[in-house]
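Chemist: Features from TrEMBL:
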- 260-352: domain 'Transglutaminase-like' (DOMAIN)
- Cys268: active site (ACT_SITE)
- His326: active site (ACT_SITE)
- Asp349: active site (ACT_SITE)
- Asn389, Asp391, Glu439, Glu444: Ca(2+) binding site (BINDING)
Amino acid sequence: IAATQPSTDWHLKENAREHHTSKFSSEELIVRRGQAFTITFNGAERPEQNLIFIAETGPKPSKTTKTLATFDISSTVSKEGWSAVLQSSSSSSVSISISSPHNAVIGRYRLSVQSGTSSPQSLGTFVLLFNPWSSGDDVFMPNKAECEEYVLEEFGIIFAGNKNHISSFGWNFGQFQGDILNICLAIMDRSLYYRQDPVTDVSHRHDPRYLGRVLSAMVNANDDQGVVLGNWSGKYEGGKNPSSWTGSGEILQSWKKSGFKPVKYGQCWVFAAVLTTVLRCLGIPTRTITNFSSAHDADGNLRVDEFYDADGNHLERGADSVWNFHVWNESWFTRNDLGPSYSGWQVLDATPQEESGGIYQCGPASRHAIKEGEVELDYDGPFVFAEVNADCMYWNYDSATGKKTLIFSKSTEIGASISTKAVGRDDRVDVTRDYKYEEGSAKEREIFKKARKKLGLEDKFDPTAPKQEEVEQKPDISGKFKVAGSLEVGKDLNLLLVLENLQSDAKTVNVNMTAWSTLYTRRRVNQIWKDSISVTLAPKEEKLFPIKIKYPEYQQQLTTDKTIQVTALCHVEDGIQVLVKRNITLDNPAIDIQVLGEAKVNKEVFVEVAFTNPIDAEVKDCVLQVEGSDLLQGILELRIPPLKASEKSSTKFKLIPSEAGPKHLLVNFSCDKFADIKTFKMVNVIN
């Protein structure tokens, strides 16, 4: 080779098109493993001169760790390792097609070429990713529409609220924007696994199972100064309220800009959304999953215990809890360690809830294994199984005597309406059946017993042989809360307590009622209201008791999760207690987006956002936040003047779309009375 440095043409456009990497905005070649890419370089003499290529990655490349490959020009693509096939050559340049193996380590590679005995010359660097379009890859996804959604789609919908009232909001994953790929590569190099043993860590990066687990640890800040710091206190000073984020880009950029200090603050959907961005960016098909009435079983007995005092207040006793909803991830890959039937969707959870292997990481747990109660299989089966299947035990706790009495237990409470976004549409798909057999069916109970048995729990709580305090007696009355009217922030809350006498003799009942504002984890924050009534129910009689909680009563107490827990503890004379409870999520008022005219690539288009103040008081400190991949750079923040009662505000701003296709604009409006009113709009951009 001549002494000059060879100059390389990476054929960026053509290679990116072939490798489904055109959405990255990079001057560096980004390709997927197990697939050929073409490069041309000059400065080489005739290729008969035995060119040898060297591809290497990581701090100490070696052939034994598969982080170093040397290969010469051959006539066919190698089945096993790296290979180079001559495409064409002239007196000044050579075009080569280079192929990597299906199980190559992913990451940034350095490529050099050597001719004869001269020293190697650098051709530059390229990034190698997982390849869900290639049948030999562990992440191969045969359905092309699913590849589009779970790898290439930058917009997502996350479901929230509660099982009686499912709501949703948009999220900008933005995995192809700006510097996100480099940040994802940096995340891998900052994990505890890499710090302890960089050589071994890099050599495992061919395995989506390994990387999924490592990244579930790195997305939370616990243990390793990871990306997002969790906060479930209801107080978010010194950072951003978790419900104010609208995309992962701002979070990942902030983490890098601050010198890799954890970003404040996240809750479950933030961890799940950031992990989706990172895994999609690296080429692992990934989606967010919302589980309603999600159990956090801290002691591993597949049972969640909740305690109430005599007034019906939910007590913070014990580490178990039930969240209105919890968001985690599913990633798609084979489980060579478990066998073919356990391949497909795998559960990963980056929210720091319980330690696994000494650090806060969770998964991958095979979804099929969870459904079949195979909780002993790697990783974290018991925890994930409990999230969707635990039994609930409700206790009355007397703090004076320390005595606890079982009020009732329920095996159908946990794991409802498990939801994810549809492929190619902005709709909800219910995947509950993929996690468990039908609730209340014999098969579901059989699987639950199988899981308990595998964990050696069948003796501790066997419903067929209960301990004395766990005997469930038949209640004399039943009760429920019904919603009357709308559930909207700014409006009064109207409920009905319905009590029914199940017996054929009259019953006297003393009812203690409370309403608390809570977080979505059902953690109590402020008491809003309490009341008690004494009622007599004639034989088999049903009575309705209206409850009204006025907006001014709850306005100051409400958290940004807009959730209220109402309980009524009914003390039946000469009978057992009955607990009636309901978790209520209030809706924010609506906000409207209009695109004024046609959206065209590189042309200005105006957007109008309208909001009407629905309450009888002025709202101030109004801020509008707008983002959307390929529609605008970064985040647009607009301050809006205060709005009097019933006043309408309308704000205009312009977009300059950078790419054609269906794009999503996300809007977040906040003021002193309403936090984080979110909406999104699909904008069809034409050339």
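These residue numbers are counts, starting from 1, taken along the chain as shown.
Just so it is clear, glycine is given a Cβ too, placed from its N, Cα and C backbone atoms.
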Chemist: Enumerate same-chain residues with a sequence separation of six or more from Asn389 (Ca(2+) binding site) and a Cβ-Cβ distance below 8 A; give 'none' if the list is empty.
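Modeler: Counting only residues 6 or more apart in sequence, the Cβ neighbours of Asn389 (Ca(2+) binding site) under 8 Å are Ala295, Leu302, Ile414, Gly415, Lys436, Ile447, Phe448, Ala451.
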Chemist: Can you tell me how far the Cα of Cys268 (active site) sits from the Cα of His326 (active site), in Å?
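Modeler: For Cys268 (active site) versus His326 (active site), the Cα atoms are 6 Å apart.
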Chemist: Let me check the 10 A CB neighbour count of Asp349 (active site). How many other CB atoms are there?
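Modeler: Looking across every protein chain shown, the total is 30.
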Chemist: Compute the C-alpha separation of His326 (active site) from Glu439 (Ca(2+) binding site), stating it in Å without decimals.
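Modeler: Cα-Cα distance, His326 (active site) to Glu439 (Ca(2+) binding site): 19 Å.
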Chemist: Could you give the Cα-Cα distance between Glu439 (Ca(2+) binding site) and Asp349 (active site), in whole Å?
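Modeler: Spelling it out, the Cα of Glu439 (Ca(2+) binding site) and the Cα of Asp349 (active site) are 24 Å apart.
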Chemist: So if I measure Cβ to Cβ from Glu444 (Ca(2+) binding site) and keep only same-chain residues at least 6 apart in sequence, which ones fall under 8 Å?
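Modeler: Within the chain, Glu444 (Ca(2+) binding site) has Cβ neighbours under 8 Å at Lys436, Tyr437, Glu438.
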Chemist: Non-local Cβ contacts of Asp391 (Ca(2+) binding site) (under 8 Å, 6 or more apart, same chain)?
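Modeler: Long-range Cβ contacts: Leu302, Arg303, Val304, Ser409, Lys410, Ser411, Glu413, Ile414, Phe448.
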Chemist: In the domain 'Transglutaminase-like' (260-352), how many residues does DSSP call helix, how many strand, and how many coil?
Modeler: 18 helix, 41 strand, 34 coil
Chemist: Other than Asn389, Asp391, Glu439, Glu444, which residues of the same chain sit close to Ca(2+)? List them in sequence order, counting a residue when its Cβ is within 8 Å of the Cβ centroid of the site.
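Modeler: Neighbours within 8 Å of the Cβ centroid, excluding Asn389, Asp391, Glu439, Glu444: Val388, Ala390, Ser411, Thr412, Ile414, Gly415, Lys436, Gly440, Arg445, Phe448.
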Chemist: With every protein chain in view, what's the tally of Cβ atoms within 10 Å of the Cβ of His326 (active site), excluding that atom itself?
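Modeler: A count of 26.
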Chemist: CB neighbours of Cys268 (active site) within 10 A?
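Modeler: Counting Cβ neighbours of Cys268 (active site) within 10 Å gives 28.
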Chemist: Measure the Cβ-based neighbour count of Glu439 (Ca(2+) binding site), defined as the other Cβ atoms within 10 Å of its Cβ.
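Modeler: 15, counting other Cβ atoms within 10 Å of Glu439 (Ca(2+) binding site).
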